[in-house]
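Novice: Structure below; questions to follow.
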Amino acid sequence: MKLINSPKLKIIAIVPAAGIGRRMKLDFPKQYIKIKDCTILEYTLKTLLSHPNIVRIVVSLHQEDNFFQKLSISSDLRVFSVLGGNERIHSVLSGLIITTDAKWVIIHDAVRPCLSYQDLENLIAITKNTKVGGILARPVCDTIKYSNRKNKTILHTIPRNQLWHALTPQLFPINLLRFCLKKIVEDKINITDEASALEYCGYHPLIVLGSYKNIKITYPEDLIFAEFYLKELLKN
C-alpha cells in the first residue's frame, strides 16, 4: 500500500554516531567504512534527507571524530553535528538541545544504511496520529532461549509469538522523549533503545512492521549483506 507524504509535519532526526565499533576490530569508527563509493553513515543520512518531513538532521559525534567534516554531506544545510556522549542516551540528549519548532524526532542508528524510503514513510504516516510514537520492528522468527549467565545452560524457552526485534528509526514527540530520557538518567537505568525509556515511564509506543533488510552493521560479515541490500535499494 502506497502511503502519502505529509509535508506539513516537521521532524528532526538524531543520528547517534559517537561509537567506535570495537566489534569490527578497526582503527576507525565503523560508520566510516566505505561500501562502493559512500560511507555507511552517508547512506544512512541520504535516506533521511530524502524525506520531505525531515527538516534537520543532528549527528552526535565522538569528541575525537575527525572524519565527519571530510564528508561532502556534512556541508548540507540541513545537517548539523554536536558532541555526543559516552553512552547512546547522552548522544541523543545532546541532539535534543538543538533549537527547533519541530514537534517530532526520529532516532536512527548511524550503522543502519539499508533503511528504505518506504519503511521510513510508513513509520511517519502510521505513527504521526499517535500521542506516544512508534518504532520499526520485525517479528522474532528464531526460537529464543533464556540461559544461566554463568555457565550458559538453558533455563527455559521464551514463547516468541509476541516478541519483536526492535529496529530504528524510532519516532516520538520531542518533549515526551526528552522527559523520558532525563528520567532514565536520573534513575540510573540502562537502556539500549529510546522506546525503552518511554516504556519505563509507562508509555506504550506503536510497533510498525519494518523490512528484514534494515540491518545494523555490527560484525564484519554484516558488510556482505549490506552491500547486497544497498545495491537493491539503489536500483529501485
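Residue numbering: from 1, along the chain as shown.
Heads up, the Cβ atoms here are built off N, Cα and C, so glycines get one too.
Note that this is a predicted model, so its numbers are computed, not measured.
The feature site 'Transition state stabilizer' is assigned by Swiss-Prot to R23, K30. The annotation site 'Positions MEP for the nucleophilic attack' is assigned in Swiss-Prot to R160, K216.
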Novice: Per 10 Å Cβ neighbour count, which of the recorded sites K30, R160, K216 ranks highest?
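Specialist: In terms of Cβ crowding, the pick is K30.
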Novice: Can you tell me how far the Cα of R160 (site 'Positions MEP for the nucleophilic attack') sits from the Cα of K216 (site 'Positions MEP for the nucleophilic attack'), in Å?
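Specialist: Checking the Cα atoms of R160 (site 'Positions MEP for the nucleophilic attack') and K216 (site 'Positions MEP for the nucleophilic attack') gives a distance of 21 Å.
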Novice: Would you mind reading off the Cα separation of K216 (site 'Positions MEP for the nucleophilic attack') from K30 (site 'Transition state stabilizer'), to the nearest angstrom?
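Specialist: So the Cα of K30 (site 'Transition state stabilizer') lies 11 Å away from that of K216 (site 'Positions MEP for the nucleophilic attack').
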Novice: Quick check: in three-state DSSP terms, what is K30 (site 'Transition state stabilizer')?
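Specialist: Note: K30 (site 'Transition state stabilizer') is helical by DSSP.
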